[in-house]
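The structure appears below as structure tokens.
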Amino acid sequence: MRLTVTAKEGGSIKADALVLFISTKDLKKEAGKLLRSLGADEGALKDFKASAGELVMAYRAASGKSPLRLLLAGIGDGLKLEEFRKAAEAAARKAVDLKIGILALDCSGAAQWAKQLKCKSDELAAVLAGAAQYGAYRFDRLKSGKLDKKKDESKPKGISELVFAGCGTQLGAIENGANAGMIVGSCQNAARDLVNLPGNHLSAEDLADAAREAGKRGGFEVTVFDKKKITELKMGGLLAVNKGSEQPPTFTIMDYKPEGKAKKTIALVGKGVTFDSGGISLKPAQGMEEMKSDMAGAACVIEAVEAAARLALPVRVIGFVPSTDNMPSGSAQMPGDVITTMSGITVEVGNTDAEGRLILADALTYAKQEYNPDVMIDLATLTGACIVALGYPVAGLFSNDEALADRLFKSGQASGEKVWQLPLWDEYAELIKSDVADVHNTGGRGAGSITAAKFLEKFIDGHKHWAHVDIAGPAFPTKGGSKVSGATGFGVRLLVDLLQSWS
């Protein structure tokens with residue numbers, strides 16, 4: 001998607017449709033006047049409430065005028081960035097449905113909107129650009145088109161150009177913000193592509209290749225450990241999960257170093273289980289196809305590092321991705337096995353479907369021992385219990401640092417990728433005690449997301465600034481959340497906003 005930012009008014013530019021952002025206040029006073037000035041019928045406003053994300057189409061009466069179509073997008077009271085995000089996302093989604101090639105956004109009110117929002121014009125522009133990218137997303141790379149009898153090659157498959165029109169004196173700020181938003185949006189969509197790929201199209205080695213490609217785009221160093229190196233490092237958690245697989249595991253390190261001295265060094269760890277059958281503790285057949293999404297944490301980390309690099313943020317960001325699939329076979333790990341992780345801590349495997357924490361344990365150990373970063377954050381589709389607790393729209397947050405937890409919460413609010421903190425009290429550690437090993441990998445039916453976090457806490461080696469984000473719900477929601485089925489790329493915006501907060 002190409003970006004154009006112009007001072008020209010939206011009513012006079014070349015575009016297939018012009019998006020007009022309308023608030024509930026504007027609906028009463030200004031919307032009719034605006035439509036008349038553009039030569040469109042006010043009748044389109046009849047049933048329009050201007051709620052956030054609501055759309056209605058109007059048409060200009062004079063033929064030959066460009067843009068002919070006016071897409072009114074509701075922004076509610078216009079006092080929250082999230083309302084603008086919903087509006088731009090909905091408009092882009094509609095544009096793709098209508099096969100609109102050039103979509104323009106009327107930004108003539110940007111200065112006033114920013115004032116109402118108590119933000120800068122570039123921040124608003126970043127939200128609009130990122131949301132348009134998000135709404136325009138379609139995952140169709142695996143469709144051959146051979147059965148599509150109505151296919152029209154003359155019409156655009158998606159939005160080819162996004163135009164910010166009527167920018168006036170805000171042109172420079174809007175251009176800077178829109179460019180940043182396009183970067184974050186493209187990275188989030190790249191994460192969605194990875195998560196949407198089925199297991200037969202994405203192995204651990206393929207995921208490592210995706211990290212290499214991100215490194216080329218972002219200009220950062222990528223190192224991939226093969227099974228031999230993983231074995232030398234004694235990453236017993238990753239190797240145990242991989243025992244049932246015919247595909248080798250990988251351990252990928254992405255290292256973005258800013259120019260000059262970094263303000264902080266941030267380690268991001270992402271769970272990369274490319275398909276999770278549950279192993280010997282086999283999952284139910286219903287819904288198992290969605291377990292291609294069990295590497296959503298890894299996809300998020302890969303693309304957050306890329307976004308940080310392309311935005312040239314002044315923090316060092318190191319991503320770690322342990323990756324394998326989790327399959328049943330004659331060689332797979334079995335319930336009751338005791339394994340030794342890289343840290344030397346032994347784990348009783350009560351359930352082979354609690355595998356994500358095993359590979360994360362080794363990754364956290366490696367990150368702490370080899371880099372000792374200022375902050376460690378892991379993201380994982382870790383527990384169904386987190387969905388039971390919080391539903392699909394919100395991620396679970398666990399941290400041993402209240403200041404870090406607060407920063408993540410605020411970034412969640414700002415980015416629209418919300419997190420909610422759950423406790424890490426010592427009482428929960430009692431639930432993962434083992435009679436035969438140092439720790440058990442499950443804690444029973446109750447408090448499953450908390451006991452998983454307590455398990456991970458044992459592998460941070462006393463690090464004082466660690467957070468765990470359980471994205472099981474919002475990464476691939478089956479209810480609520482994204483209006484587009486499949487992967488959401490949840491966590492990319494959250495992490496980018498967090499990294500920017502240290503800038």
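Start at 1 and count along the chain as shown; that gives each residue its number.
Glycine is treated like the rest: Cβ placed from N, Cα and C.
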Among ASP276, ASP401, ASP406, ASP426 - the residue Swiss-Prot places in the same Mn(2+) 1 site as ASP353, GLU355: ASP276
Site-mate of LYS271, ASP276, GLU355 for Mn(2+) 2 in Swiss-Prot, selected among ASP255, ASP294, ASP337, ASP374: ASP294
Three-state secondary structure, ARG357 (active site) (per DSSP): helix
Secondary structure of LYS271 (Mn(2+) 2 binding site) (DSSP, helix/strand/coil): coil
Those residues of the chain, 6+ apart, with a Cβ under 8 Å from that of ARG357 (active site): GLY237, ALA380, LEU382, ASN441, ALA452, PHE455, LEU456
Most Cβ neighbours inside 10 Å, all chains, among the recorded positions LYS271, LYS283: LYS271
Position of peak Cβ density within 10 Å, selected from the binding-site residues ASP294, ASP353: ASP294
LYS271, ASP276, ASP294, ASP353, GLU355 screened against LYS283 (active site), Cα within 10 Å - retained binding-site residues: ASP276, ASP353
Mn(2+) 2 site shell beyond LYS271, ASP276, ASP294, GLU355, criterion: Cβ within 8 Å of Cβ centroid: VAL241, GLY272, VAL273, MET291, MET295, ASN326, GLY356, ILE359, ALA380, THR381
